[in-house]
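Listed in TrEMBL:
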type     : residues : note
COMPBIAS : 1-16     : compositional bias 'Low complexity'
COMPBIAS : 77-89    : compositional bias 'Low complexity'
COMPBIAS : 177-196  : compositional bias 'Polar residues'
COMPBIAS : 363-375  : compositional bias 'Basic and acidic residues'
COMPBIAS : 391-434  : compositional bias 'Basic and acidic residues'
COMPBIAS : 469-517  : compositional bias 'Basic and acidic residues'
DOMAIN   : 173-301  : domain 'TPX2 central'
DOMAIN   : 352-399  : domain 'TPX2 C-terminal'
DOMAIN   : 464-538  : domain 'TPX2 C-terminal'
REGION   : 1-30     : region 'Disordered'
REGION   : 74-128   : region 'Disordered'
REGION   : 148-198  : region 'Disordered'
REGION   : 363-452  : region 'Disordered'
REGION   : 469-524  : region 'Disordered'
Amino acid sequence: MNTRTAAAPRTAAPTPSNTEPASSEEQELERIRNLQKEVALHRKKNEANYKAALAGGPLPKKVILSATVPKEFHFNTNTRSKTAASSSTAHKDVDFVSQLRKPASPAKAPRGATVPKPFNLSTGTKRKVDEQGAYVPMAQQIAQFQKRTPERYHLRSRRSQARGPSPVKGDHLKLTQPHTPHLLTNQRSRAPTVKSSAELEAEEVEKLNKFKFKALELNRKILEGVEGLKKPTVKEPTVPEGFELQIDKRLQERQSTKPQEGEEKQHIFKSQPLPKKILEGVVGLPEKKVLPPTVPESPAFALKKRIHVAPKVEEVKRPSPIKAPPVPHFGLPFQPKLQENHQVEVCPFSFEERERERRALKEKRLEEMRNEEVPQFKAQPLPDFDSVSLPEKKKLEPTKPEPFRLRLDERGAVKNSRWEQMVKEEQKQREEATVFKARPNTVTHKEPFQPIKESRTMAVMEAFELSTERRARERQEYERQASEKEALRALMEEDQRREEEQREKEEIARLRQEQVHKAQPIRHYKPVALKKSEVPLTVPQSPNFSDRFRL
């Protein structure tokens, strides 16, 4: 009974074949209504089962579906009219299934040849420009675009699918007749860039006429005034002058001061006395120092005697305890201090005292410089050439070989120590494993196993909640919060508007009050008293360009 009622909504609203197909929105609304009806039926059925289970009554019997009854196929070929040749003969019942794989009978009249139809490839997919119709404002076009459903969401009607592809036009194709393109360049008024041969010839003739040679008349005054010509003055030739170089002057001075050949003095050689220290021994060289022989030492390649540096273990710092900042004291309110009106006292000042001090200091320094004693020149004594003192030669110590301190050795030592420790631990574990130690017997003291029969109670169906109810409840909560937010926003906007109006009124009142003109009283200042200057006149002095007495 329930299955019949559940299947009823699906067959309740059949669409007649003569009416137009419904749009996608109507079909979607119809499908939603059918689903809602099915959910309501399932809910009633579940509530009935829940009540029956609580009451302890028998559970509803399951509906046993009847077995599928096979039916024979009914092909339309059985009802087709036979050909004229077979109409003369007696009608015979022929089994269609047995005749399926047999060849066609020659009695049937052959059909006509297949008529080929051209493909409809001429229709493009480009969007065609609509013809200009009545003017539609932009706002109306936007509203229509937002209201109507896009074409991609429209379902194809079954009637258009039953029609098949669009019929193809049977017009024969014709040859394309070429047409000259109507370019806008032909309508432009532009001067041609290339000149014709006639224009070029006219330009050449015009140039020839323009630069035509025309002789001038002879001036008779040129022939009459030939006798009175003056002879040009001859200039004196340029006299070359030699360069006055300083090197020539120096050469002349040397030749004038150079003595003559006869007056040259003869140079007399005088030998120096022989020093006696040279005969006694070697002079000027230090004594040779004998160095001790180098003692060879073998390099220290022994790794066991080296001092191994233990790896540093970084200490993990404990996190510092979090201390909350103290609560600020809000007892006394802030009281700004108003600035006091200080009156600036006008005091006379002068730079005369400072200039007097600087002048006295300068004179004092000059007096000190004049009273200083002039340092006397004192020559250094001549060196003693009898004794030669050479610096001592530094004695270099022999290089002492030291073993290398490689980090590879340190890492190798650490690795060896770890390896030895691991070997010791493994050996210890093996020794412990070889020692057998039996476990105590605890099974005999335990209670024997006793199976417990499971007490199954009748399954109690709990109330369930549909997703539609949950979504409806969430939607109501969301709408309630949205309405509260909207009301709060409207209230805040109203308060803000009132504050803005009040602020504007106060600003207008303040501006009106400021625009009231108030005359300023006439101010009386202290009269200006002219006083003769007490600064002495400047005494001109000649500049002192000497660097001797500068500070």
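Backbone N, Cα and C atoms are what each Cβ position is placed from, and that goes for glycine too.
Automated prediction, rather than curation, is the source of TrEMBL annotations.
When the domain 'TPX2 central' (173-301) is classified with DSSP, helix, strand and coil residues number 38 helix, 0 strand, 91 coil. Across the compositional bias 'Basic and acidic residues' (363-375), DSSP classifies residues as 9 helix, 0 strand, 4 coil. Per-class residue totals from DSSP over the domain 'TPX2 C-terminal' (352-399), listed helix then strand then coil: 20 helix, 0 strand, 28 coil.
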